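Asker: Structure incoming, see below.
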Amino acid sequence: MAKYSRVSESVGLITLQNPPVNALSAAVRQGIVDTVERALSDPKVKSVVICGQNGIFCGGADIKEFGTNMSGPLLVPMIHAIEAANKPVVAAIEGSALGGGLELALGCHYRIAHSKARLGLPEVTLGLLPAAGGTQRLPRLIGVPAALDLITTGKPLDARRISTYPCPRPSDLDALFEGVMEKVRQSARGAIAPVACVQAVRAAATQPYTQGMEREKELMATLFTSGQARALQYCFFAQRAVSRWSMPNGARWDTSKPRPVHKAAVIGLGTMGRGITVALAQTGLSVIAVETQEKQLMDAKQAVSGMLERGARRRGVAPALDKISYSHDIQAVADVDLVIEAVFEDMGLKKKVFQQLASICRPGTFLCTNTSALDVDHLASQTHNPELVVGMHFFAPAHVMKLLEVVYGPRSSPQAVATAMQLGKKMGKVSVAVGNCPGFVGNRMLKPYMEQAFFLLEEGATPELVDRALEEFGFPMGVFRMSDLSGLDVGWRVRKGDGLAEPGAPSGQPARIRQGRRYSPLGDLLCEQGRFGQKTGQGWYQYNKPGSQVARSDPWLHSFLEGYRAQHGLVARRIDNQEVLDRCLYALINEGFRILEDGIAAGPEDIDMIYVFGYGWPRHRGGPMFYASMVGLGKVLERLEHYHQAHPDVPYLKPCSLLWRLVASGSPPLHKWREVIRKLHSQL
Ligand SMILES: CCCCCCCCCCCCC[C@H](O)CC(=O)SCCNC(=O)CCNC(=O)[C@H](O)C(C)(C)COP(=O)(O)OP(=O)(O)OC[C@H]1O[C@@H](n2cnc3c(N)ncnc32)[C@H](O)[C@@H]1OP(=O)(O)O
């Protein structure tokens with residue numbers, strides 16, 4: 001696992017060999033210990049070079065070993081031995097030197113990096129800290145501020161010429177650490193690793209090396225066994241696992257060949273269409289951007305150019321303006337490889353667009369819809385080739401958000417799914433293949449979550465109380481602030497389409513019951529008052545002016561809630577954070593289990609990555625399904641039963657059969673759930 005050779009008579013060359021990223025597994029560590037000893041004891045060897053095979057230095061400690069009984073030589077003494085060597089040791093870095101890989105290089109006496117090499121300490125993203133001396137050696141090498149930045153963010157750096165380095169000059173160390181700690185605590189949203197990273201670097205800056213190393217070890221011991229580290233390491237593998245998609249009909253990522261896409265079209269240049277156009281052009285594709293309204297087309301062209309220019313400036317590249325041609329005529333898409341329809345969320349309009357596309361596009365063109373909830377199969381049925389139709393559900397802003405739901409209908413071909421998944425990957429998205437149902441995975445699970453939040457308001461909570469509980473849990477925004485941001489009218493339109501929201505009192509049924517189940521009309525009532533959220537300056541909160549983002553508590557809303565409760569004979573009671581979390585999160589999780597039961601998502605990892613990358617679920621809690629497994633499935637079941645008994649007219653709180661089945665099978669760990677789901681399906 002570490003090859004030894006002697007080159008040019010006097011140089012001992014050690015090559016790390018552990019594909020694909022030369023991770024420091026027990027065998028690699030043993031190989032390094034053995035080959036270093038060999039080089040140092042060979043009198044002909046005057047210097048030692050350590051490199052990695054296949055163009056990558058080292059991706060760090062082997063993360064797969066973390067959950068196991070670790071054996072083999074320990075990293076810290078191994079790196080110490082290299083640093084203490086009486087012959088010069090050089091790290092020759094090509095590709096990535098990350099985590100333990102960079103710590104190994106830091107233990108060497110010199111480092112030479114290829115100009116395209118990527119160096120970094122991403123441990124914090126795994127809920128850990130660089131505990132092989134990284135928090136102690138890096139500040140000594142590059143100074144405290146630069147080291148703090150690298151260690152607390154985990155972001156990698158390109159290798160640079162030394163003349164381009166900023167000169168590290170911390171003036172007031174205490175103020176510096178206090179400032180960084182404050183910033184880190186705010187952005188960490190409850191994650192403990194970034195805070196521990198600052199504490200470890202502080203030890204490097206204020207204590208002798210040996211004491212600093214002790215502190216590093218102590219902090220790592222706390223992190224290593226934490227639930228957060230487990231969650232973050234789960235996310236690392238889950239993010240990669242979702243690219244290995246499968247469909248209930250047996251089609252899979254490794255047997256379905258994508259078709260290359262060179263030229264794409266976007267139909268409809270509202271907010272979503274603009275973002276999708278930018279994302280495609282930045283990937284290097286030629287894009288035809290179509291908008292039939294002349295004024296909207298001009299506005300979109302200006303907005304898209306601005307987005308491309310700002311993005312290019314940030315990345316230090318030329319803006320891909322020439323990749324896009326704009327047209328108000330849908331006929332312009334005749335010769336593209338793939339079309340993404342992004343018109344207004346209206347089935348009638350979308351059907352018309354699909355009928356037009358079916359007659360304009362050349363045979364074989366993939367037709368994709370960016371709908372966030374509508375029936376992809378119904379749109380496919382408007383075309384002659386339903387097998388070429390899939391959903392590509394982007395999240396706003398589409399050129400920024402990492403998530404893409406690729407929605408297959410019962411007739412979508414494996415090649416169409418493979419092509420959309422590959423295109424998503426090229427755009428830098430985490431693409432997750434999901435089945436077709438109202439809301440797909442993400443928005444379907446959002447419905448019970450939001451419903452519970454509305455019910456909590458009826459029962460005595462305020463938007464502030466609900467949002468605070470969710471934000472303390474780690475969401476960047478609570479449900480009501482989020483609703484104000486995205487616009488209350490969006491959900492209102494959907495509810496009207498579903499026959500739920502009717503202006504004024506509904507005919508022939510109590511105001512808080514719809515279609516035989518409990519319903520809260522609160523959101524509809526706010527919309528009837530023109531309170532659409534940030535865009536109108538009023539929603540669940542008030543804002544200084546329309547478009548402002550600073551939410552302020554709104555006395556009007558509080559008295560409106562009081563009036564509403566009085567009108568419906570509801571008595572406000574005290575609601576605590578735990579009840580908010582239990583009801584909102586367990587209702588959402590319960591729907592996640594139903595989605596698995598229905599075969600809409602292939603596994604819990606798919607759901608978790610959708611929530612982490614698309615809905616702000618705190619990554620250090622691993623996603624809703626991972627969270628359920630950490631809380632304990634028995635407890636989730638018991639709480640759902642408790643709340644369902646208290647609210648029997650709320651079907652979303654009724655524990656679903658997969659959850660019962662999993663608990664009855666002894667609550668197996670999450671990676672075993674697929675077996676239980678398979679058995680359930682085979683019995684249906
Ligand atoms: C009781 C308590 C005691 C406590 C004390 C315990 C002390 C323990 C001592 C530990 C000392 C600390 C050591 C160190 O500080 C810790 C670390 O080094 S943690 C690891 C840090 N490194 C990373 O996070 C890098 C992760 N990898 C990447 O970012 C990328 O993979 C890459 C290297 C940039 C390459 O990217 P790509 O080319 O795109 O390839 P993929 O990402 O698709 O990866 C390919 C394949 O490889 C798997 N893989 C990648 N890195 C690792 C790894 N470090 N370990 C294991 N496996 C890895 C990846 O999962 C892919 O496989 P797949 O999942 O697709 O099968």
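Backbone N, Cα and C atoms are what each Cβ position is placed from, and that goes for glycine too.
Because the structure is a prediction, the values reported are computed rather than measured.
TrEMBL lists these features:
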{"type": "DOMAIN", "residues": "263-436", "note": "domain '3-hydroxyacyl-CoA dehydrogenase NAD binding'"}
{"type": "DOMAIN", "residues": "439-543", "note": "domain '3-hydroxyacyl-CoA dehydrogenase C-terminal'"}
{"type": "DOMAIN", "residues": "580-667", "note": "domain '3-hydroxyacyl-CoA dehydrogenase C-terminal'"}
Asker: Count up the helix, strand and coil residues in the domain '3-hydroxyacyl-CoA dehydrogenase C-terminal' (439-543) according to DSSP, in that order.
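Answerer: The composition, in the requested order, is 57 helix, 7 strand, 41 coil.
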Asker: Just to confirm my parser: what is the rounded mean pLDDT across the domain '3-hydroxyacyl-CoA dehydrogenase C-terminal' (439-543)?
Answerer: 90
Asker: By DSSP, what is the split of the domain '3-hydroxyacyl-CoA dehydrogenase C-terminal' (580-667) into helix, strand and coil residues?
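Answerer: Split by secondary structure, the domain '3-hydroxyacyl-CoA dehydrogenase C-terminal' (580-667) comes out as 65 helix, 0 strand, 23 coil.
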